[in-house]
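Lifted from TrEMBL, the feature list:
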type: ACT_SITE; residues: Glu74; note: active site, proton acceptor
type: BINDING; residues: Tyr24, Glu81, Lys99, Asp100; note: ATP binding site
type: BINDING; residues: Arg30, Tyr31, Ala32, Trp33, Trp55, Leu56, Gly57, Val58, Glu74; note: substrate binding site
type: BINDING; residues: Glu81; note: divalent metal cation binding site
type: TRANSMEM; residues: 39-57; note: transmembrane segment
type: TRANSMEM; residues: 101-122; note: transmembrane segment
Amino acid sequence: MGRVPPRPREDPRPLKGVLRSFGYALEGLRYAWRVQRNFRLEAYLGLLALLLALWLGVDPLPVLLFSALVLSLELMNTALEALTDLTSPVYHPLAKAAKDAAAAAVLLASLFALLGGLYLFLPPLLRRLGLS
Ligand SMILES: Nc1ncnc2c1ncn2[C@@H]1O[C@H](COP(=O)(O)OP(=O)(O)OP(=O)(O)O)[C@@H](O)[C@H]1O
């Protein structure tokens, strides 16, 4: 196995260091956006839910929290997929368990977000449409 390259030395200037970490995080966001169709879909759905909340006059905070949860878990899932592909490019039951469990975390959060969305939006939506 090749040698691990040394970690770059920490920048002694605090602001520079923070800005550099921020840049790496943005690179991670760009990577997930490029390679993960689900991440893009979840981001668009979150935006749609936010617009719906504003239109219906519903508190947008729960929408933001659910979106943050789902998108963050999708990012962790993306990270885990990349690591699994790196360490286990051939089939291994533990690689399967890791990927499946990470996918299950996103699924679970998405289901709760869906239930939360129905609870939040259904009554005002029915009222707005004159159906209740
Ligand atoms: N190295 C591996 N060893 C064992 N099973 C694997 C391996 N790679 C993938 N799998 C199985 O195939 C499934 C799909 O893996 P894949 O890497 O294609 O991710 P994915 O589900 O397509 O994710 P996404 O759609 O988010 O990109 C995994 O959930 C796992 O069950």
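Cβ atoms are placed via backbone N, Cα and C, with glycine included.
Since we're looking at a predicted model, the values are computed, not measured.
Of all Cα pairs drawn from Arg30, Tyr31, Ala32, Trp33, Trp55, Leu56, Gly57, Val58, Glu74, which the record names as binding substrate, the longest spans 34 Å. The ATP site in the record is lined by Tyr24, Glu81, Lys99, Asp100, and its two most distant CA atoms lie 27 Å apart. For the binding-site residues Arg30, Lys99, the ranking by surrounding Cβ atoms (within 10 Å, all protein chains) places Lys99 first. Geometry remark: Trp55 (substrate binding site) versus the residue listed as 'active site, proton acceptor', CA distance 27 Å. Among the recorded positions Arg30, Ala32, Glu74, Lys99, the ones whose Cβ sits under 6 Å from an atom of ligand 1 are, in sequence order, Lys99. In this view, the densest Cβ surroundings among the recorded positions Glu74, Glu81, Asp100 belong to Glu74, judged by other Cβ atoms lying within 10 Å.
Neighbours of Glu74 (active site, proton acceptor) among the binding-site residues Tyr24, Ala32, Lys99, Asp100, defined as a Cα within 10 Å of its Cα, are Ala32. Among the binding-site residues listed (Arg30, Ala32, Gly57), Ala32 has its Cα nearest to the Cα of Glu81 (ATP binding site).
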